[in-house]
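These notes concern the structure reproduced below.
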Amino acid sequence: MACLSISCFDDQSTKKKVMTSEKEVCTLDGAVDRHGRPAIRDKTGTWVSGILILVNQGLATLAFFGVGVNLVLFLTRVLGQDNAEAANNVSKWTGTVYIFSLLGAFLSDSYWGRFKTCAIFQAIFVIGLASLSITSYVFLVRPKGCGDEHTPCNSHSSLHIALFYLSVYLVALGNGGYQPNIATFGADQFDEEDPKEGHSKIAFFSYFYLALNLGSLFSNTILGYFEDEGMWVIGFWASTASAAMALLLFLCGIPRYRHFTPKGNPLSRVSQVVIAATRKWKVQMMPNSEGLFDDDDKELASNGARRILHTNGFRFLDKAAVITSSECDKLDDGARNPWRLCTVTQVEEVKCILRLLPIWLCTILYSVVFTQMASLFVEQGAAMRTNISTFHIPPASMSSFDILSVAAFIFIYRRVIDPVFARLTKSSLTELQRMGIGLVIAICAMVSAGTVEIFRLKHANKDCLHCDDSSSLSIFWQIPQYVLIGASEVFMYVGQLEFFNSQAPDGLKSFGSALCMTSISFGNYVSSLLVTIVMKISATDNMPGWIPGNLNKGHLDRFYFLLAALTAADLAVYILCAKWYKYIKFESREADATTAV
């Protein structure tokens, strides 16, 4: 009875007593339990649910990268594709994964809710992995034992190839639709209106990114080794088992999860504001934007969303909330056409999206830097000395230093940097400040990589035919650039997750997380375009370009320094955008409750 609606009581003193009891027992952020009732604080959410979601993320990431990390090798060794075709197919597949994140975010925010969306797409993910494992075992890895560095596989029919692509794109659909929602769903388990849980909610994003990296660490090392040795079916079945275990753990948390009801189709809400403002472009507004329609208490109460306070930017959109004389008459009759008159909160939702876009655009170039780990860093490492005595170090395994760096810097930031900064300035670093620091560290990473390349070239055999191990410079000189990338991720990507989650309107939280993923997607595309442009410009009759097949005859260092310069320019633009940005201001739900009393 403690969670009954306050409006059920008539006596004012009774209302206040029940409201006090409600605050002690129920969450204040509008979350509900699996039955749709207000979520009880002690019986739902918090770290019990959060840890389940973190383990789920680690296992799902292990499964995904168990396929993705060596997909290019599978295409060349098992399906017989050449390097260029395989690289192009992997780029398309990776980009598709992140594009599917927008689909998952849309379905979650509009219709299904985050739990249902996560469960459905995780099930698709498991089906895709199981299909890939069966298809590889029955049709593709033939003869048995083929697919390693020395034993090519037989040719395959069009049907077998089609089954393979159906399987891997089911994996892309499942992971892409699941990823933007699981981070937001994890954050939903903490009540930001409660000081203690609000602090835990901020910490959750750091641990979430740590879980993601620890999952990929196992894939890049153990599973990567098995698949590199040609044991593809074992690797794929291990990924399937990991994804299935992740799904089962996720479902185990059903009694504890907190939920937020979907807020409706955001596209129609945005369209309504744009059309209503366009129809009223000649309407004169009152000074200081007074008299705007803000009577949305019933609508907000029905979906648990918060009122957004009015801001002065993008004043043209405010006209959507101006009440004309004809609309005033309809309001008296209790009727409102949302395509002609919108609420202030609805207008502010559109303003939020417009303010987020410049910040998001500035993160794309950082993603270009980040993607070099999976491409040029590996090629650079392969052209260095990779042996310690008789032990060969796979160049791709150097990304383990990035993951270890992420784990270390998450701890350093949360336990050292943030407390010291708060003690000195009486405030914590904002998400925008942390993202700016991430860009600065990314510049340092590119300068480090370029410097290493200069010294690698000095110790290289430029007349080599096969340039693996062609330089006497040890691959361990790459450690600083990997460590710096890892440190930048803690500031940039964790900051991004927190920023887009906190600044997205209540009905677009998953969309905010999807922005992080699409940033990485566009980073892949921009990186590919940049390499193509650089090669066309830098290639001459006497020089094969900065990034030729034989790196000893190119200038990879110049490309790294170019990225550093572009990131520095991006940082300058980012600083301007960050100064221009105005943080969204929600009216607290506690204030709403007091108003209701």
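The backbone N, Cα and C atoms fix where each Cβ goes, and this holds for glycine too.
Owing to the predicted nature of the structure, the values given are computational and were not obtained by experimental measurement.
Residues or ranges marked as transmembrane segment in TrEMBL: 47-75, 95-112, 119-139, 159-178, 204-226, 232-254, 356-378, 398-416, 437-455, 475-494, 515-539, 559-581.
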Report the listed stretch (95-112, 159-178, 356-378) having the maximum count of Cβ pairs within less than 8 Å of the transmembrane segment (47-75).
159-178
May I ask whether the transmembrane segment (356-378) has at least three C-beta pairs under 8 Å with the transmembrane segment (437-455), counting pairs 6 or more apart in sequence?
yes
Cβ contacts the transmembrane segment (398-416)/the transmembrane segment (159-178), at least three under 8 Å, sequence gap 6 or more:
no
Can you tell me which recorded stretch out of 159-178, 204-226, 356-378, 515-539 has the most Cβ pairs within less than 8 Å of the transmembrane segment (119-139)?
159-178
Long-range environment of the transmembrane segment (204-226) - Cβ separation under 8 angstroms, sequence gap at least 6:
50, 53-55, 57-62, 64-66, 69-70, 183, 186-187, 189-190, 234-235, 238-239, 394, 396-397, 399-400, 402-404, 406-407, 410, 413-414, 489-490, 493-494, 497-498, 501
Going along the chain, which residues at least six beyond the ends of the transmembrane segment (515-539) come within the CB cut-off of under 8 Å?
91, 94-95, 97-99, 101-102, 176, 179-180, 356, 360, 363-368, 370-372, 375, 493, 496-497, 500, 545-547, 555, 558-559, 562
Which sequence positions outside the transmembrane segment (475-494), separated from its termini by at least 6 residues, show Cβ-Cβ distances below 8 Å to it?
205-206, 209, 363, 366, 369-370, 373, 377, 380-381, 384-386, 393, 395, 398-399, 401-406, 408-410, 413, 434-435, 437-439, 441-442, 444-446, 448-449, 452, 455-456, 516
